[in-house]
Every structure is written in structure tokens, then in C-alpha cells.
Ligand code: AVJ
Ligand code: FE
């Protein structure tokens, strides 16, 4: 891409992203921005200034080589130095000061953008550092959206309802045995943990054509799934007991049925939407109850990217094109998962639906580096989280921006977490004879 065109694209992405940040914070009053709505979340005003501080560190100081704007606040907004539970008691910038700081940093970034040459230095090649900062802000926008879902008080967010289902999608899809290319070495703004591309050979498997719905999940609850240790792993059962889990987060009984809470408003549970706000252990238990299992990360990605006609891995289930509103429920447009079957244009060639958008999907895989992984540009983005502690989630949610979501994108969280917009789909091994087509 010629420099001028890349410059315009970066400017547009930065501006679009900042508008989202403003939507999530402008309508919230000062006290509410400073308050901690949950000990596992930051006060919104911390996210706000942290976004500006990362932009200052990477773009103003590293790429631009300019003098610090506010060297004195670096420690306050360092996520590794300040555990979330302690953040409300820090001397944080009040909202007006945080907003002014973000504006100052952004002005310098636009000035820098006018002058920068996108040469081969790894941080600037293809505008990588700018892309990383866009994705970072978008990731915090999703985190702030999760904070909105946890906060109590007058609702401040409104959005149009999601599109109706085109037609119901049910059943499973057989993915034939064979190799596919996982990860990427060429997507310019792909983050370190998505790299490098490598061949993975998978035996045949079946994967659900759609995410597990509220109706499906409600049947597991009604069948006593939360009271039967048979379906739960040892760690899962211990957590279910300790945390007293009885249903997804934000559900409550409503007469004979269920209601759920979305951004401060209660309504009757809709059976035809993907289930959301379940932890890994709940997903794992549901899958066992259904006689299935969670897909591995590789199984998820092959279902999402592998094109049987060419054998090539594509950027998205529908091809290489960026997502549009016809493909997937992304970008906080609807503020809730769309019904199962709402995105026929977003299906993969094998007929797997809603892999991108709607809900993050838990996979069975721990978060580790691909063969040949190299931390870039900093170990604290991914590498320090590698190991058996975290589980990978794929595909993005209604709260994820298209800039921070693609067939190779990897998210991760602790298996007990469910404040994120997390759901899942199931997979299984073929029965004898089933894989022969
Ligand atoms: C990739 C969503 C797990 O929020 O902890 C934000 C993204 N990294 N700032 C997180 C991130 C640094 C990260 N996740
Ligand atoms: Fe961050």
C-alpha cells in the first residue's frame, strides 16, 4: 500500500476507534467513571487514560522519538504494576484531565503520522505500531463494554436490535482429515501470537454449525446439569461449588422461565440467541452433557479458514474481505448476540455459521506460542501468559471491533471468567463410518 493511502487508513481507524471510546465514556458521569463496578474490572477512567498512555509510549515516544508528554503517570497506567483491584485507590487522572491527556497525545500522533516513513523497521513496516495501538484501544473498548454490563444504575447505552434469523441453523459439519495452514506470516497487523503460519494436520472431526443457543443451554440447566459432577472436570466442579454457579451470569428465574440482564435492562430470555456469559468450565460441562467436547483451537480455525476448493486458509469464513454488517455481528452495533442463523453471508464454505462476531467461543486449548513464535514488540502482550493457566477464545463478539478480529485472532482468559462476552460451540470425533462422507 502506498504511504499516503496507508496514512489515510490509519487516520480513519484511529478516529473511528476514538469515537467508540467516547461513546462508552462521554455519557457516564464523573463519579461513575471513577468508581470500580467489579474488583475484576478497572474504573472506566483507568482504561481511558491507559489507552492514551500506551499510545504515548508506542507512537509518540518509540516510533516518533519525541519527548514524553506525561512521564509521571507511566506507573499508574502500567497494567502489570497495578492489579485491577487496587486501581480505584490510585491517584488517577480525573475524567476531564484524562480526556485532555488523550487529546494531547492524539494531536502529536497525527503530527507524527504526517511525517513518518513506513520503511522496513519492524515497528513501522505496514504501519504495524499504529495498527497495534488501534487494536489495543478497541480491546479496551470491549473491556469497557463488559464493565457497562456489570455496572448498576441508570443504563447509558442504547443500540438497535440485532437482525432477525434468516433461517434456523442446526446440526454439525464434518471437516475432513488433512492439513491446513494455521496462523499467519503475512497479515500486516496480525499480533505476535498469531504468527508464524504453520501447517497443522487434523484428523476428521465434526463441529456444530452454530454456537450453542440459550434454548440448548436452558435444557442443560433444566436437566440438573449444574448439580451433576459427571459433566464437570474436577477443576470445573470445584469452581462450580465454590462460586455457587447455577446458570449463566446475568440470568435469573422469571416464573417458569428465565430472564436476562443486558446493560441494565431485564427481558425474557430468547432461546434462539447464542448463550453468552458462561465460563470455560460451564462450556466444558455442557459439551460433556451433550455427548460432545469443546473444539481445539486448531479445529476452530480450520472450520473458519480452510477452503476445501483451494486448500488455502482465508482471512475470514466468507473469504479475505473485511467484515461488513452482512457478514457478522461486530463493532458494538447491536450490543447483543444476534439469533442463530442471522448471518448466512458470513458462513464458511463448509457451512459453519457465526464463527466471527456474536460471542467469543471457548476452545479446549491452553494459550501457548506457535512453533517459531517470537515476542513482538513486547513480551507482556502474549508471551507472559503462555502456559496451562489460560484458555483460548476465538472469533470475537458483538463487542469486538473488526480491526481486532479475524480468523487468526487469538484471545485468552482464565477458565473461571464469564464477565466477557463468551459463549461456545461443540465438536466431536466421528463415529465409526461417519468420516467416510
Ligand atoms: C487479549 C483481551 C486478553 O485485555 O487482557 C489489553 C488485551 N492487552 N491491553 C486483555 C490487552 C493489553 C488482553 N486480551
Ligand atoms: Fe492494555
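Note that Cβ sites are derived from N, Cα and C of the backbone, with glycine treated the same way.
Per TrEMBL, the features are as follows:
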- 13-144: domain 'DinB-like' (DOMAIN)
- 50, 136, 140: Fe cation binding site (BINDING)
- 84, 85, 86, 87, 413, 417: gamma-L-glutamyl-L-cysteine binding site (BINDING)
- 169-428: domain 'Sulfatase-modifying factor enzyme-like' (DOMAIN)
Local backbone state of residue 50 (Fe cation binding site), from DSSP in three classes: helix
Fewest other Cβ within 10 angstroms of its own Cβ, chosen from the binding-site residues 85, 87, 417: 85
Nearest recorded site to residue 50 (Fe cation binding site) by CA-CA distance, among binding-site residues 85, 86, 87: 87
Cα separation, residue 140 (Fe cation binding site) to residue 413 (gamma-L-glutamyl-L-cysteine binding site) (Å, whole number): 14
Helix, strand and coil residues within the domain 'DinB-like' (13-144) as assigned by DSSP: 88 helix, 0 strand, 44 coil
Residue 413 (gamma-L-glutamyl-L-cysteine binding site): tally of other CB atoms within 10 A of its CB: 21
Between residue 86 (gamma-L-glutamyl-L-cysteine binding site) and residue 140 (Fe cation binding site): CA-CA distance (Å): 18
